[in-house]
């Protein structure tokens, strides 16, 4: 028997973002202070178990993907410092006068980009406790094998497999964190895990400087030991993660039964992102009048996954965020891949000093990213934190492009590193918090990753081996795209402001009343069907 239509009273008193706490069953059995204490306890336990692990995973992902930049100045390519006096030449003889190095960077991205969305959807079906450790172990093995390739072709093939293995980790972690945290808690945690990229950039130089001293040990070059040792460590972490990563909060063995129940309840309602509007309730009441004896029609047969995917691909905010992600991707990977080379050629530094001088910009970006994410989550505003990041990126590239003195350009590198590494967490949180439903969120984040990594692909051709030390073409392109990214942030804010205005003035109410009149659905069914298109869904600016 089909369910009878709910009355307007049922609709009006469904939990909203403001009143949802009072509707949780456990809250009815304990005082607000006790409930808040349990929630703080479980959040703290998740923070110390899940967030550090996710940060470590992304640290290793970024390290194993970009350590080729350090390998390049440690003997992967011949240079004035390599081979050292009295040592044999272990380089792969990548030719500086050709695009051999750029090709090695490029071949990683096609499989990486193509597999990001499928890999993200696999997270739901396989389970995070198996899928994420599998990816880590797989790319760790591939990265280790990168250290024993003996030809350019072998390096190209290895890099392609590395891209395939790493495709699901960044969008996977971005979705994984939504299994544990409410929207207002999300960006700070995403920023902390994304600081793995900053830490990777900082430690990559230090590790390469130390490992490079193993030159000719066991007949291998220093650059080979960089890949081998860092890859082996990744494999070990992947194996350990099979025992440490839970699928969701319900599977967290370190939580008490009460904390596990609270962890589920606080995420059960659709994002807790709904704010009741009296005008819409009155419209529903009028529509509902005379329908108390009607039965609710079944939800259309089209699956939630398909419906959410369609909503993703027709959402202008998603596409604008993706284009902003493309600009950010070019800016970010330009620095990740080429900052050691830029630093080395700015002041004609030795290989070791270039590795060490590439560390401080990443350390600054780490501190700035955490601070800006805390501010963003506290005020629940993404625009006010995305805009400074874009402007710092633009200013930094302008300084490097316009200045000729080495330390002035190095100062620009520090400024832009702070800005560009703070941007991905803002963009991820902006998209995730304005997307209702697992499949729309997963598809949208996967699409954002695709565009970001298309930017990474494009960046591999902007700083050719023969264009230093000024790199006019690469820097000018980055200046233009940083300016475009700044403009797109304003466009995103305008889209959301206009949509919120339409919802506040009742211009979207017909979406609810039409469904109520046609299908006699309850408020929950309508919310599930409309997702973030629902007039009461709270869009973050």
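Placed from the backbone N, Cα and C atoms, the Cβ positions cover glycine too.
TrEMBL: automatically predicted annotations, no manual curation.
Annotation comment: TrEMBL describes 1-25 as region 'Disordered'.
The feature compositional bias 'Basic and acidic residues' is assigned by TrEMBL to 11-25.
The domain 'Major facilitator superfamily (MFS) profile' annotation in TrEMBL covers 50-502.
Residues or ranges marked as transmembrane segment in TrEMBL: 130-149 (among others).
Annotation comment: TrEMBL describes 161-179 (among others) as transmembrane segment.
Long-range contacts of the transmembrane segment (191-211) within its own chain (CB-CB distance under 8 A, at least 6 residues past either end) are made by residues 51, 54-63, 66-67, 69-71, 74, 173, 177, 222, 225-226, 229-230, 332, 335-336, 339-340, 352, 354-363, 365-366, 369-370, 372-373, 376, 417, 421-422, 424-426, 428. The transmembrane segment annotation in TrEMBL covers 191-211 (among others).
The transmembrane segment annotation in TrEMBL covers 223-245 (among others). Beyond the transmembrane segment (223-245), the same-chain residues lying 6 or more positions past its ends with a Cβ under 8 Å from any Cβ of the stretch are 49-50, 53, 56-57, 60, 63-64, 67, 70-72, 74-76, 90-91, 128-130, 132-148, 207-208, 211-212, 214, 217.
Here TrEMBL flags 317-340 (among others) as transmembrane segment.
The transmembrane segment annotation in TrEMBL covers 360-379 (among others). Residues of the same chain lying 6 or more positions beyond the ends of the transmembrane segment (360-379) and with a Cβ under 8 Å from any Cβ of it are 184-188, 190-192, 194-195, 198-202, 335, 339, 385, 388-389, 413-414, 417-422, 425-426, 429.
For the transmembrane segment (386-404), the list of distant contacts is 324, 328, 331, 342, 372, 411-420, 422-423, 426-427, 430, 472, 475-476, 478-479, 482-483, 485-486, 489-490, 492: same-chain residues at least six beyond its ends, Cβ to Cβ under 8 Å. As annotated by TrEMBL, transmembrane segment applies to 386-404 (among others).
According to TrEMBL, the feature transmembrane segment maps to 410-432 (among others).
Distant neighbours of the transmembrane segment (444-463): 99, 102, 105-106, 109-110, 112-113, 116-117, 119-121, 170-171, 174-175, 312, 315, 318, 321-323, 325-334, 337-338, 341-342, 424, 427-428, 431-432, 435, 471, 473-474, 477-478, 481; these residues of the same chain sit at least 6 beyond its ends, with a Cβ under 8 Å from one of its Cβ atoms. Annotation comment: TrEMBL describes 444-463 (among others) as transmembrane segment.
As annotated by TrEMBL, transmembrane segment applies to 475-498 (among others).
Contact between the transmembrane segment (161-179) and the transmembrane segment (317-340) is not supported: fewer than 3 Cβ pairs lie under 8 Å, counting only residues 6 or more apart in sequence.
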